[in-house]
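If you check TrEMBL, you get these features:
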DOMAIN    182-562  domain 'UvrD-like helicase ATP-binding'
BINDING   203, 204, 205, 206, 207, 208, 209, 210  ATP binding site
Ligand SMILES: Nc1ncnc2c1ncn2[C@@H]1O[C@H](COP(=O)(O)OP(=O)(O)OP(=O)(O)O)[C@@H](O)[C@H]1O
């Protein structure tokens, strides 16, 4: 055994003793929390107050239990040795025994762990050594050291291949892994940035934007109890992507993050898809103005009103109705809530009219009596009251007998009044508002003056078509819901948006609505934008909501795609994002290959390529990425036996060991901005890329 190996074995054994102690403590904590939870659940509760208190305590313990259970895999992964001899072990969560000053394990998000990520040979931050531990099934498999103070390795320092290289070389599984043990300094700086507002992270494909976004979500939960208490939401572009990243946060011990798409956020299940040009139209912010205008047009647009009250008809003129409308609008409430203000104001006006009527009727009677008997009824009543020792009284107010409150209460419950109010200020549903805009060309013309008639025609559908909502309708329904019923109840303390370049102006409004504190992490790359997005940079996307109040970071190192693959995309990148500097890849691999097949033999050519690849690299995760229209044919040819079959429109954010991009020209032609779809497709592989172009069929 070489000295290096003997040293390594000894270090592994030493670390094992510590790791065993850490797992022992984890087991102890688990036993304690399980027992506490069982006690709480068994404890008697008398009355609703105690039941509630018991539920709160049980939920708190259940969360702690989930956290401890989730930390099993890779509980300890690092260690830092200070120049002063202090040693800290870094892991998924913090663990401390009663008697010790230093914790047995430091949570990776704690300030004390920062040097593990940020120290460099230039800025060692007081460290002598950073050690990575590879632990599987509670056994230490390897250790690997970096010396940071410029000293030469001595016995006990195991300087070998970096753990980052190991993580990047690992076979892809179709599910993203946490990178908590190997977060790089530029990524870590963003993850634990103290910035409370909106952090934007951009960078080319594979620069770790998703890694940063998910680790930042975990960091916010740890470091900002305020945001954590109000919940953290992670939004991704589609179900395939969410599935890909679904393991990362639980493996970081965080199970309380809501992971979803913009479409699913509202509970509406989109049942139809529509052409991307229509979806893009629906994404424009003009739609927000249109919906607001439409709702306003349903709020007492003009004219007077006749209300039947018992046997009487009360006529309110346009000014009365307009005053009620103004009061309701000035309340700032959503349409259905402001309706009550409108109704109350109208009823006040009706009561005032009834009172005026009563006064006039009394005056009329007085005048008739005076004319026929010569008697002044008011003066007589006043004299009688004075004689009885009263001072003036009811006769001073001719309508004093009119009980306005009783009349008002009667009117609130009156069906005629309710009908009259409904005709002026109808109760609305979000669905009815959106349908009115999308099915009535006159309404669309009135509400969307900035759209051309062709654009409006593409937007509207027949009123007879069955009502089935699309993804692009969801933000419209959400907007309408806010207009008619008020802001959503479920808001979040922090929102993370991945592939944020994909969001339309209407989707950004949905996101902002759910984050009143404006604490967000947004990651994306406009060179990878799909055809529906309505912005071409961050200022356009965020300016309407934040002005320039966002901190922008750019990641520059590519961790996924090999240098060889990235180089072949430089020309394409220069066309789709002329100002963008290509990222610098830290990986090398085979040169990409290009094949050609005619349409008749295309599927066979793809299968042949996959067969060859799987014989040469049996363990690799492969994908065939093609224009959406080719998916059916390739599936029929049995491609899925060898590879994941991914339509180019759903490839964003995904990663494979090898990818076969079928029909690059077809991908480009399939939808507007198709070159960006091709750029996404070409940058998914960590090891090898093969493109199969479709040649003109000689036949
Ligand atoms: N610090 C790291 N340690 C280990 N792996 C990393 C690290 N940073 C990035 N990676 C790996 O690099 C790959 C690309 O990362 P990620 O998906 O976050 O990039 P991205 O910028 O979001 O890509 P895209 O633009 O294509 O969505 C992933 O496999 C990820 O696990």
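For all residues, glycine too, the Cβ spot is worked out from N, Cα and C.
All features noted in TrEMBL, drawn onto the structure.
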residue	record	contacts (Cβ under 8 Å, 6+ apart)
203	ATP binding site	209, 525, 554, 555, 556, 583
204	ATP binding site	525, 527, 555, 558, 566, 573, 580, 582, 583, 683
205	ATP binding site	525, 528, 558, 560, 561, 583, 679, 680, 683, 684
206	ATP binding site	558, 559, 560, 561, 583, 585, 655, 683
207	ATP binding site	555, 556, 557, 558, 559, 583
208	ATP binding site	179, 184, 187, 555, 557, 559
210	ATP binding site	176, 245, 498, 523, 653
Residue 209 (ATP binding site), number of other Cβ atoms within 10 Å: 26
Residues within 8 Å of the 203, 204, 205, 206, 207, 208, 209, 210 Cβ centre (excluding the ATP site residues themselves): 525, 555, 558, 559, 560, 583
For the domain 'UvrD-like helicase ATP-binding' (182-562), the mean pLDDT of the predicted model: 87
